[in-house]
Protein chains: 2
Amino acid sequence: MKPIRVGLLGIGTVGAGTFNVLQRNQEDIRRRAGRGIEIVMVAARNTERARQLTGGQVDVVTDPFAVVNDPSIDIVVELIGGYELPRELVLKAIANGKHVVTANKALLALHGNEIFAAAQEKGVMVAFEAAVAGGVPIIKALREGLTANRIESVAGIINGTTNFILSEMRDKGLDFATVLKQAQELGYAEADPTFDIEGVDAAHKLTIMSAIAFGIPVQFDKAYIEGISQLQAVDIRYAEQLGYRIKLLGITRRTQTESGEGIELRVHPTLIPTARLIANVEGAMNAVLVQADAVGASLYYGKGAGSEPTASAVIADLVDVTRLATVDPYCRVPHLAFQPNEMTDVAIVPMAEITTSYYLRVYVKDQLGVMADLTRILADGGISIDAVLQKEPGNQVNLDIIMLTHQTREKNIDAAITKIEALPAVIGKVTRIRLETLS
Amino acid sequence: MKPIRVGLLGIGTVGAGTFNVLQRNQEDIRRRAGRGIEIVMVAARNTERARQLTGGQVDVVTDPFAVVNDPSIDIVVELIGGYELPRELVLKAIANGKHVVTANKALLALHGNEIFAAAQEKGVMVAFEAAVAGGVPIIKALREGLTANRIESVAGIINGTTNFILSEMRDKGLDFATVLKQAQELGYAEADPTFDIEGVDAAHKLTIMSAIAFGIPVQFDKAYIEGISQLQAVDIRYAEQLGYRIKLLGITRRTQTESGEGIELRVHPTLIPTARLIANVEGAMNAVLVQADAVGASLYYGKGAGSEPTASAVIADLVDVTRLATVDPYCRVPHLAFQPNEMTDVAIVPMAEITTSYYLRVYVKDQLGVMADLTRILADGGISIDAVLQKEPGNQVNLDIIMLTHQTREKNIDAAITKIEALPAVIGKVTRIRLETLS
């Protein structure tokens, strides 16, 4: 059989990795796929560099639409990044009857519903293993490996930059700004790190996993997003003393609210018991923990970014698409795991309605009775306390009081915090970090 | 579309789990698969129990061949266990043009080549996700998720019974026999635990992963197998003091011997640095660590046994088979990951040729010069020492000398051990446990 013909949109880090791995392992890949996979065309702004990278073996063009409109191309690999141009290109490729492989989580988190509907209509595949957790085959695990299960929750360390920063802050006792600077120098953080450190990138990935896990449309606009830029070294230290690590977790799970079933969809710094495997995922690594009714807990760990790890996922998709290019679309795995006519509309719950535990740090003047006031306020709000730690940070006058609460609704803790901050003995704002036992 | 019709051979622990999960999640499964999956026939020795379990909804028979020969059955699920009867049944099902799903690692490790060849010939699928690591979708990860990669090694905790025993021995400082008894009382170990504790079960699973990872036939007869029944509590303790945990690992990897490329295939107790994620997999859990050239290290963790975790894998296979039942066989994933005509014959290397590091414990009379003798013997054998620990176990006269070596060939360490055991100061046999840094 003739090799399948692939057109690449963009040949940056991931594009170059994809080209290199396909070249290096072409024999092994062909022996698995039963058919050669050849990149025959590349669209790049810097054509000189693209020609160098590809060794003059492929057709290099500047106009990505030239790839998307070329009738000889079977699969388009979109690695441009961003939203609008990729959206246009992917929709055009689909309209032209081409299969698409993309690593673009932003695109799918925002425009996934439109793109998958168009692909469904046209009978083509849009594959996106590389969009979540890089080389870790988590999309395949969720969509195919766990099909027997009612999935209860997905919780992931799905942004390597922030996990690297948090690991360094804990290891070396440094503050956020210092570590961010180091991370930028080492290439672990972008010059403009906003998307990573503010949790947006993690929320894109979480949105995609949420849709697949629960059979709902992608709903990025409903995600709650809180990054790590406000996180203080002192809270990492106190958490450690209480037996917890702080990770930026993306969490999506089924929940019951007062008005019925709902889905939580949230990214924020989270205390996790140190004994959990996922709490020990350090540096730029990614890990996703899935809870499901039949299999119980399972965890998937590996490199979430980088040239060749991401290329590994892109090429796995290329092999899948190559295998199924000619079969009846009905025989393929649905884009969002559930058949398009079988999606549900369970609502994403507002943050006030989620249920979790909390780490609270209250900075107080060391006055008699302040602890009594704090515990009274929590008790009145129906919030139980699991642990208390009292620390003198630096001077002998004021105190940090740290409390871990039982599970409660976020609106309850918010109401209690408002009351706590109104106490005369309390200085400034209460620090609140969510806590998940993940048991 | 009419539901696909499934016949179950055996309705023990996994069979009952499969029936129950399929019933409980039938809506979710149908919404994913796009077609209902129905167990319509069950073969069981105890028909009364089978009728109870299935609530009178399915046809219960005693003769498994009645299922395999029933023309209305599309997929046969083999959950009998053992070798010969399942082999006959599976081959008959294939001959009758039926797809097969099996959880039987022993069957595939021994008769996989024959079975897959028959399935290939007949154009049917034999799916076996449940045969390795229970509910963890490791077969899918290796066969499909990592298709871009040249896989370098696979190292797994793939037997829950032994991992439970080792965790308990370490946690509680108990010896093997005591913990085994507890494990049997708790249902974590069989009445006859030989297959588990002697590493045979792990070797079955490893043999299957080795074939998939490297594109070689299953070769169970070439596997080196050493269990945990000889492991002493004192070595677990010393290992801990040196920063290591002892796990029963199944290891398969590419290696270079003096005569060229080869594959290591071995199951034995192994020291792993405590800092590694896989060293922290405790209790009856399973985990598989894969090293591959593009993606680097990735790890897959979850329940490796039990009714519903194993059922999760059986049903995932049922969904895959249902989707691809009617497509051209060429569009399916090959049984052993590589196209049947693209397998290689890289040899499994004999144990003497493998390369690893070692933990050695030598029990000696406390005589001047014994350490000099030991280090001289190792140096003469070209073996470097990484760490030494000297302990007085109980009395003040004799000593345990513990040494960790650099990587060396097994035949070199064996030769050195023979010389060490001949020293007058050395009492009894040298304890030798292999050590993998997994970095």
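A Cβ is built for glycine as well, from the same backbone N, Cα and C atoms used for every other residue.
Predicted automatically and left uncurated, TrEMBL annotations should be read as such.
If you look up TrEMBL, you'll see A:Lys205 marked as active site, proton donor. Summarising the annotation, TrEMBL assigns NADP(+) binding site to A:Leu9, A:Gly10, A:Ile11, A:Gly12, A:Thr13, A:Val14, A:Gly15, A:Ala16. Feature annotation from TrEMBL assigns NADPH binding site to A:Lys105. Summarising the annotation, TrEMBL assigns L-homoserine binding site to A:Glu190. What TrEMBL records for A:359-435 is domain 'ACT'.
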Count the other Cβ atoms sitting within 10 Å of the Cβ of A:Leu9 (NADP(+) binding site), across every protein chain shown.
26
Counting every protein chain shown, other Cβ atoms within 10 Å of the Cβ of A:Gly10 (NADP(+) binding site) number 25
Select the most exposed residue of A:Ile11, A:Val14, A:Ala16, where exposure means the fewest other Cβ atoms within 10 Å, treating these as the binding-site residues.
A:Ala16
Can you name the residues of this chain that are 6 or more positions from A:Thr13 (NADP(+) binding site) yet have a C-beta less than 8 Å from its C-beta?
A:Gly306, A:Ser307, A:Thr310
One finds that other Cβ atoms within 10 Å of the Cβ of A:Gly15 (NADP(+) binding site) number exactly 28
Three-class DSSP secondary structure - A:Leu9 (NADP(+) binding site):
strand
Return the residues near the residue listed as 'NADPH binding site' by Cβ distance under 8 Å, restricted to its own chain and a separation of at least 6 in sequence.
A:Phe128, A:Ala131, A:Val132, A:Asp201, A:His204, A:Lys205, A:Ile208
Do you know offhand how many angstrom separate A:Gly15 (NADP(+) binding site) and A:Glu190 (L-homoserine binding site) by C-alpha?
18
Grab the pLDDT values for the domain 'ACT' (A:359-435) and give me their mean, rounded.
94
Taking the recorded NADP(+) site as A:Leu9, A:Gly10, A:Ile11, A:Gly12, A:Thr13, A:Val14, A:Gly15, A:Ala16, identify the other residues of that chain whose CB atom sits within 8 Å of the mean position of the site's CB atoms, giving them in sequence order.
A:Leu8, A:Gly17, A:Thr18, A:Ala44, A:Leu79
Mind checking how the domain 'ACT' (A:359-435) divides into helix, strand and coil residues in DSSP?
23 helix, 30 strand, 24 coil
At a 10 Å cut-off from the C-beta of the residue listed as 'active site, proton donor', count the other C-beta atoms across all protein chains.
26
Are there residues of the same chain, six or more positions away from A:Gly12 (NADP(+) binding site), whose CB falls under 8 angstroms from its CB, and which are they?
A:Leu79, A:Gly81
Write down the Cα-Cα distance for A:Glu190 (L-homoserine binding site) and A:Ile11 (NADP(+) binding site), rounded and given in Å.
18
Closest of A:Leu9, A:Val14, A:Ala16 to A:Glu190 (L-homoserine binding site), Cα positions, binding-site residues only:
A:Val14
